[in-house]
Amino acid sequence: MVSLLLEERHSSVTRIFLMNANTRFLSNLFASSVVYITLRFRITTEKEKEMTEPSYRKAIHSKVVLRALYFLPVGSAGDVIKAFRGLLYAKRAVRNVQCAYITSADNNGYTVLKGDGKPPEGATETKRILMDPSVWSAPSMGSVSEPLESFSPVPRFLETHPDLPEKIVAALQAITNPAVTIACSTVEVELSYKNYTMPELLQIVLNDNNPQEKDLVALSGFEEVGHIAHVNLSKEHLPFKLTIGDIILDCNPTVKVVVNKVASISSVFREFPLEIIALRDDLRAKYGVTALDTIPDRVLNEMLTATVKQHKCTFQVPYNRVYWNSKLSHEHTALVDGLKRDDTLFDVMAGVGPFSVPAAQKGVLTFANDLNPVAAEYMPINMKLNKVDPKRMFVYNMDGRDFLNTTVFDSVVGNGKKLKMPEATGRRHVVMNLPAIAVEFLDVFHPSKDTPWRHMPVQERIDKTVLFHVYCFSSELQDVLGDAVKQVEHHMGYQLEKENVEHVVLVRDVAPQKRMVRVDFTLPSSFWEDVATAGKTFAAKRSREEME
């Protein structure tokens, strides 16, 4: 009976989980093979743990005893491997077909030489295959490594081993080369964290080694932003956050820092409240980090500024200070690909420029705005990184409604006279990518609001074809696209006619009951009629006032 002791630390609390070898962990992990596990832990503080090798690695370290078939001649490997296809031991970074050197021993047996160096004089080269323990298990009792018996032709081997599993017998009978000779033994294989995938390691840590939380949902994945891995841990995961961070680092060589979102987005600047839960040694050394919870803001800002490549562009992303979502990369690309070179783009909530920079690089005249001063600071940096002509992209730092009421208004109504921009020859596009509240900004068009749009000058050069691309969330699963259109209509105060709605696109699933949708529409004729009437009334009123 073998027991496994796993220790998980969180703050000053030490949790110890004891589990038996006949539980799901060992049965799933090693099937019916023999397992030897030795674990040693000492109770340390969280800061001490941060500066040592991840403790979960010790819990994962194990040894498994497998059946092994040796065969000669080595040139018959292709025939033998083909016969045993699907029956070999399959574990990451473990070779199930190996070269082995043997020497003669007493009583007609052989000794298998250890080591990977040059074989000693007189040694014979053989091939061995490691068997899947669920197909042919090693003996539960006896020596870990049995002596290698004498080689014999396949028919003779079958006679001397009458208790072989049916699948092994069938595989041996499928060997077509009559010169093949076979011998069997057992081999001890040492396993470490390197032999498991990230999902396997997380399963072991979160479920198999934690019987008290057997229904805990394993971490589904993470968002990778440059060298940063971002996870959203539930409260049930938090006691394991340091180990989860270590596992992500071990399994993803390009990741250097792992962060966890500690709260929902509440800031008007849309940045995530983050905590660092894992950090590579080279970054620790570079910045002199001794504890993850005492990193100075200056260091944190530098450490969490990532370089991201998207849409053939390179972006500097200060990840802890702006909003960035790599899951929207396809959406960024799709929208920009739909723009033509002579179009004009107004990006109302631009962030660091995932829509604006590639659009401007394409030649689209671009006006990019964000309320977050850090985002506005990094847009020119990203323009320079991507060699964007500064005459093709202009950056603003203001509230989205102000941007709609000034910059967008002047272009649509005054053809950019106040902006001193070239006369637009293509179509105007207005992107509003703040799905939580973007539809609320459409109230600048609402008949009850006193905005510049309600005092539009009377002229014939108003662009009524301006196309809005507004993103929103919907939980109305019965008609998610229809609900998105209704949200636009509600906040705008006008009903959209069929000809106004050009596209309604399901962008992605955000949660089981939440979808992200993009509505592409033009302003309805009822809006233009209202503002024209309001404009005439306003003009007449001003004329009377001037006459008086």
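Including glycine, each Cβ sits where the backbone N, Cα and C put it.
TrEMBL labels come from automatic prediction, so no person has curated them.
The following features are taken from TrEMBL:
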DOMAIN    222-525  domain 'SAM-dependent methyltransferase TRM5/TYW2-type'
BINDING   His332, Asp370, Leu371, Asp399, Gly400, Asn433  S-adenosyl-L-methionine binding site
Mean per-residue pLDDT in the domain 'SAM-dependent methyltransferase TRM5/TYW2-type' (222-525) works out to 91
Out of these binding-site residues, Asp370, Asp399, which one has the fewest other C-beta atoms within 10 Å of its own C-beta? Asp399
Test of understanding: give the count of other CB atoms lying within 10 angstroms of the CB of Leu371 (S-adenosyl-L-methionine binding site). 20
Which chain-mates of Gly400 (S-adenosyl-L-methionine binding site) that are at least 6 residues away have a CB under 8 A from its CB, listed by sequence? Val348, Met349, Asn369, Leu371, Met432, Leu434, Phe441
Cβ-Cβ under 8 Å from His332 (S-adenosyl-L-methionine binding site), same chain, 6 or more residues apart: which ones? Gln310, His311, Pro354, Phe355, Pro358
Site diameter for S-adenosyl-L-methionine, Å, by largest Cα distance between His332, Asp370, Leu371, Asp399, Gly400, Asn433: 22
Within 10 angstroms of the C-beta of Asn433 (S-adenosyl-L-methionine binding site), what count of other C-beta atoms is obtained when all protein chains are considered? 24
Give the three-state DSSP assignment (helix, strand or coil) for Gly400 (S-adenosyl-L-methionine binding site). helix
